[in-house]
Amino acid sequence: MSTRNPQRKRRGGTVNSRQTQKRTRETTSTPEVSLETEPIELVETVGDEIVDLTCESLEPVVVDLTHNDSVVIVEERRRPRRNGRRLRQDHADSCVVSSDDEELSRDKDVYVTTHTPRSTKDDGATGPRPSGTVSCPICMDGYSEIVQNGRLIVSTECGHVFCSQCLRDSLKNANTCPTCRKKINHKRYHPIYI
């Protein structure tokens, strides 16, 4: 039996190993950096005007905390009638804007409600403009503003109404109706004369 001497590998290898070459490259190629920091000198010149932009006015802002004008939410629950129907209340979803001053009478309280009273519903008012008026849904101009600015009221073949400028500009970007996205082009709409 022959006995072999086990050979051990040394970490780090010989002098010309890759790790040794890498270490020598890193140390020789790194430029020396000075560890001392130099302070920056600020030079003030006489006559420079300093402008304070933190305050908009010279007078202090005074907040009066002696009066409490606040919105009070009034929640009234609807009570069912005996026959099962709910009792209708006109001020069910309302709030009261009032002052805490006892000197002022409660007659000056303002009631704000989310429901439209019956009288305005019956008059035909559906929004900011009465029904029957024509407006462009893009620029929100009404008929009179459109005509005063030299534009026309136009309708697409799908029936949607716009001012001529808004529809022309919209068709430059996309060949579809701005409302329903049906494919149209500049030949697929016509002016409306009212």
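Residue numbering: from 1, along the chain as shown.
Positions of Cβ are set from backbone N, Cα and C atoms, glycine also.
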Q | Annotated motif 'SUMO interaction motif 1' segment (source Swiss-Prot; candidates 40-43, 92-95, 96-99) | A | 40-43
Q.
Which range is it, out of 50-53, 138-141, that shows up in Swiss-Prot as motif 'SUMO interaction motif 2'?
A. 50-53
Q: Count the residues of the zinc finger (136-181) that DSSP assigns to helix (H, G, I), to strand (E, B) and to coil, and report the three numbers in that order.
A: 16 helix, 9 strand, 21 coil
**Q.** Any further residue of that chain within 8 Å (Cβ to the Cβ centroid of CYS136, CYS139, CYS163, CYS166) of the recorded Zn(2+) 1 site
**A.** PRO137, ILE138, MET140, ASP141, ILE146, ARG151, PHE162, SER164, GLN165, LEU167
Q | Cα distance (Å, whole number) from CYS177 (Zn(2+) 2 binding site) to CYS136 (Zn(2+) 1 binding site) | A | 13
Q.
By the count of other Cβ atoms within 10 Å, pick out the sparsest of the binding-site residues CYS136, CYS163, CYS166.
A. CYS166
